[in-house]
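K.L.:
Dropping the structure in here first, questions after.
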Amino acid sequence: MESAAVGALWGCGHDAGQVIFGLIFLLLKDRLHIEVIRTWGTRVVGLTLLVIGAMGIREASEVPTPCVALENGECDVGVYEALENPTLGKKKIGFATFATGIVHGLQPDALMMVLPALALPSRLAGAAFLIMFLVGTVVAMGSYTVFIGSCSQALKDRIPRITEKLTWASSIVAIALGLAIIISQFFGYSLY
């Protein structure tokens, strides 16, 4: 359930960003310089990926190495890993997850997903399309995080500290992608 909440919250933030950008686009479409917005929006997305990656590395680095104290005062990690790992503390989800979704939803490229609503024959049909698109985004993000969370939970028995290892790997990927997005801007092309 926690995984579904994280994904749904991110999806709601993404939807909010798309709605905000869509409204701004509709209200100011004659005055907007879409290329400038696209360039800066892409840079902001790259920067948020760098921040998310750095926060993930910090989080993974702060996980203490669990162990069982032996009589001679030493620590035996192997004995602890043979036991079932207790939960070391739940991470709070909240505004940061929602705000990250908003930032990613503010991308002008995200607007391409809602353009079909403009081609529908009536405003009611367009509104129905947009509502279903927004609901679908929340359901898809929630389902995806449930899938990832379920897989990592199932792997905990086979691979000790899988969550920490996945956090490290995904953080490194986020940083690499963020750098690639930012660097690509200086060479005049977009990665997406």
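Each residue, glycine too, has its Cβ placed from N, Cα and C.
So TrEMBL lists the following for this protein:
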- 6-28: transmembrane segment (TRANSMEM)
- 20-164: domain 'Urease accessory protein UreH-like transmembrane' (DOMAIN)
- 40-57: transmembrane segment (TRANSMEM)
- 124-147: transmembrane segment (TRANSMEM)
- 168-189: transmembrane segment (TRANSMEM)
K.L.:
Which sequence-distant residues neighbour the transmembrane segment (40-57)? Criterion: at least 6 residues beyond either end, Cβ under 8 Å.
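P.N.:
Same-chain contacts beyond the ends: 100, 103-104, 106-108, 167-168, 170-175, 177-182, 185, 190.
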K.L.:
Please report, as numbers and ranges, the same-chain residues at least 6 past the borders of the transmembrane segment (168-189) whose CB is under 8 Å from any CB of it.
P.N.:
39, 42-43, 45-50, 52-57, 60
